[in-house]
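**Student:** For 25-45, 73-93, 97-117, 134-154, 168-188, 200-220, 240-260, 264-284, 289-309, 338-358, the entry in Swiss-Prot reads transmembrane segment, with the evidence type sequence analysis.
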Amino acid sequence: MLLWLADWLGEYVRAFNVFNYVTLRAVLASLTALGIGLALGPWVIRKLAELKVGQAVRTDGPQTHLVKTGTPTMGGTLILLSIGITTLLWADLTNKYVWLLLAVLFGTGAIGFYDDWRKVVYKDPKGISARAKMFWQSAIAIFAGIYLISTASLPAATELIVPFFKHVIYPFGVVGFCILTYFVIVGTSNAVNLTDGLDGLAAMPVVMVSAALAVFAYVAGNSVFASYLSLPHIPGAHEVAVFCAAMAGACLAFLWFNAYPAQVFMGDVGALALGAALGTVAVIVRQEIVLFVMGGLFVMEALSVMIQVASFKLTGKRVFRMAPLHHHFELKGWKETQVVVRFWIITMMLVLAGLSTLKLR
């Protein structure tokens with residue numbers, strides 16, 4: 001929106017042409033989302049408290065979590081609001097990827113919102129059925145896959161890129177691409193949701209991963225940089241960097257209120273949406289494997305649940321004291337803040353490893 005205004009003003013004052021630079025708009029998007037989140041945060045938390053949208057805590061979990069009962073949840077609405085407003089302000093609204101990302105973000109956010117609402121109304125920590133949640137997540141992911149492959153302008157936009165190796169690619173057909181897109185988007189969405197179990201645990205990793213994906217998006221959208229770094233050139237992908245920057249800024253603002261002891265929880269409305277958005281960005285810029293590396297924390301959390309369930313069904317025994325993984329370490333004696341900060345450090349190392357694939361090929 002502001003880009004259109006800047007283009008018009010640029011005809012009279014050349015200084016406004018500076019807003020054509022994606023890097024500047026990405027920085028401004030991050031700051032804008034951060035500002036909106038910090039400004040609206042107290043009001044949103046107050047309204048959630050007035051609506052008695054309190055978190056229902058599992059009684060079979062760590063007993064230290066019982067004090068969190070009643071803390072306002074659905075704080076992800078603040079994140080989505082900040083991202084939405086900021087993206088509309090600073091992104092190029094003629095870019096197809098911008099609208100796809102907003103559709104995925106708010107589509108999965110709506111699923112999470114309904115899930116959270118059921119938890120609050122019925123005081124049931126389980127929310128809506130897993131089958132219903134998976135159905136709607138799948139519908140959104142398949143839509144994204146079909147849309148991307150039907151609008152792809154170059155073969156590179158649908159090829160799987162293997163990091164650390166030059167020119168090692170695997171072309172996909174329509175079905176293969178949609179299947180990959182499905183697993184990346186739905187998998188990341190649920191993995192982030194599983195990670196969001198401690199104060200600040202999910203927000204900071206999302207900040208780091210989204211900031212790193214912004215770099216990949218900028219490079220993929222620039223033919224010169226993409227060629228130099230042996231990455232696929234995806235026309236228009238540079239605008240995705242603005243969205244990623246907005247996501248990082250919004251989550252950073254949310255962390256201000258979600259840091260221990262949390263004043264508000266993200267809820268499914270935020271976690272499902274952020275995970276799906278990260279997955280969609282990775283698919284757009286053809287960095288699904290790199291997302292698997294940088295989002296290793298999310299992968300570990302999801303795997304811990306799958307391993308726990310499979311082990312219990314097959315052998316009747318549990319591998320972990322409790323799943324997801326962060327609860328396992330809590331029950332081993334780690335304090336909540338120790339788990340969170342140590343998992344942040346792990347994510348930082350994984351993100352740096354992911355960024356290294358830009359050059360190490």
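We count from 1, first residue shown onward.
Including glycine, each Cβ sits where the backbone N, Cα and C put it.
Note that this is a predicted model, so its numbers are computed, not measured.
Quick one: how deep are these features, and who are their neighbours?
**Tutor:** Residues 1-4, 25-26, 28-29, 32-34, 36-37, 40-41, 44-45, 48, 53-55, 99, 101-102, 105-106, 109, 112-113, 116-117, 119-120, 239, 242-243, 246-247, 249-251, 253-254, 257-258, 264-271, 273-274 of the same chain sit 6 or more residues outside the transmembrane segment (73-93) yet have a Cβ under 8 Å from a Cβ within it.
Outside the transmembrane segment (97-117), and at least 6 residues removed from its termini, the chain residues within Cβ reach (under 8 Å) are 53, 73-74, 76-77, 80, 83-84, 87, 91, 127-128, 133, 136-137, 140, 143-144, 147-148, 185, 189, 193, 236-237, 239-240, 242-243, 267-277, 280-281, 284.
Tertiary neighbourhood of the transmembrane segment (200-220): same-chain residues 22-23, 26, 192, 226, 229, 231-234, 237-241, 244-245, 247-248, 251-252, 254-255, 258-260, 262, 266, 271, 274, 277-278, 281-282, 284-287, 290-291, 294-295, 297-298, 326, 339-340, 343-344, 347-348, 351, 354-355, 358, selected by CB-CB distance under 8 Å and a gap of 6+ residues from either end.
Long-range neighbours of the transmembrane segment (289-309) within the same chain, counting only residues 6 or more positions beyond its ends whose Cβ lies under 8 Å from a Cβ of the stretch, are 160-163, 184, 187-188, 190-192, 194-195, 205, 208-209, 212-213, 216, 275, 278-279, 282, 318-320, 323-326, 328, 343, 346-347, 350-351, 353-355, 357.
If one looks beyond the transmembrane segment (338-358) by at least 6 residues along the same chain, the residues whose Cβ comes under 8 Å of a Cβ in the stretch are 163-164, 198-201, 204-205, 208-209, 212, 215-216, 219, 229, 231, 260, 290-291, 293-297, 326, 329-330.
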**Student:** What residues in the same chain, six or more past the boundaries of the transmembrane segment (134-154), come closer than 8 Å to it by Cβ-Cβ distance?
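**Tutor:** Result: 96, 100, 103-104, 107-108, 111, 174, 177-182, 185-186, 189-190, 232-235, 272, 276, 279-280, 283-284.
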